[in-house]
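**Student:** I'd like to ask you about the structure that follows.
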Amino acid sequence: MAENALPEPPSSRCARRTATPASTDRWSTSSGAATESVRRLLRLDEATGWLSVLHRIDREEVAQLRFTVTARDRGQPPRTDRATVVLVVRDENDNVPVVEIRKIGRILVRDGVALVPENVLVDTPVALVQVSDRDQGENGAVTCTVVGDVPFTLKPAGETKYFLHTSALLDYEATKEYSVTIVAVDSGSPSLSSNSSLMVRVVDINDHTPTFAQAVVEVHFAENNQPGERVVTVVAADSDSGKNAEIVYSLDPSVTGLFYIDADNGDIRATGVLDREVRERYEFQVIARDKGFPSLGQTNGWIESTYYHTSFNCSKGLMIS
């Protein structure tokens with residue numbers, strides 16, 4: 001019988017007794033020692049031998065009912081016979097597929113969010129997708145796909161497993177996160193489907209060096225200045241984020257006794273009083289480094305330095321910055 005069948009009157013369902021001719025037709029039937037499931041789900045009319053359904057039967061809970069029916073006539077002495085009844089519950093497509101997304105390798109997946117570094121290669125697996133369906137046969141055969149325009153694809157890893165792979169390079173500076181929707185469809189008729197979403201957050205990697213807007217700046221600064229007076233402010237930018245974009249400024253060691261720079265904001269100031277008659281021009285480099293790690297070509301943990309050339313002309317009574 002089909003699962004989920006509606007309860008029906010005793011006169012319209014299932015099995016009826018048969019008996020060989022006897023000296024009298026006064027006889028009755030009994031289900032004997034039935035299990036709790038049989039007594040709860042089925043009813044056997046002991047007068048007529050009709051078997052009927054009392055409650056909906058879910059094949060995923062009860063796939064088969066097996067019990068013995070005893071028939072006893074009313075003759076003297078009474079005679080009995082037994083028959084084994086096996087009721088097989090036929091599957092209906094009444095369960096939607098279930099999708100579970102799990103961690104794989106070093107990619108962290110937690111609470112529906114995967115953290116994927118932007119420098120992973122194309123075709124890198126970032127999550128394991130497990131599918132299940134409680135139905136049988138075609139009703140339980142599930143196919144999964146990724147929907148939407150996202151750089152991810154599914155690759156089968158078994159009958160009920162898929163790997164979610166990157167299908168293109170990721171770039172944190174271009175797109176910081178993706179909502180990846182996975183749709184699971186079974187092969188039943190009509191088919192049933194479900195979906196599950198994974199938020200992929202692209203993790204910034206220190207892949208950009210700080211850059212100055214100008215490679216060379218010339219500053220005219222008045223002599224006889226006050227010690228500590230600001231000469232110029234240099235500014236560098238970094239396309240990364242967080243620590244990878246935090247910039248520290250420093251000066252060429254050749255002028256550290258004459259000028260100093262605020263490491264955080266790039267203000268360059270004169271240490272003492274400048275005298276044009278002593279020295280008319282200063283030329284040195286400003287170094288901008290970010291705080292990213294690992295470094296890009298530096299052994300000390302800092303990103304590769306970007307240099308900013310600055311020239312100073314000391315003039316009498318004129319300051320241009």
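Yeah, the Cβs are placed from backbone N, Cα and C, and that goes for glycine too.
Take a look at what TrEMBL says about it:
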- 1-31: region 'Disordered' (REGION)
- 20-31: compositional bias 'Polar residues' (COMPBIAS)
- 26-99: domain 'Cadherin' (DOMAIN)
- 116-212: domain 'Cadherin' (DOMAIN)
- 213-296: domain 'Cadherin' (DOMAIN)
**Student:** Could you please provide the mean pLDDT value for the domain 'Cadherin' (26-99)?
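**Tutor:** Here the predicted model's pLDDT, averaged over the domain 'Cadherin' (26-99), is 78.
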**Student:** Count up the helix, strand and coil residues in the domain 'Cadherin' (213-296) according to DSSP, in that order.
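**Tutor:** When I sort the residues of the domain 'Cadherin' (213-296) into the three classes, I find 7 helix, 35 strand, 42 coil.
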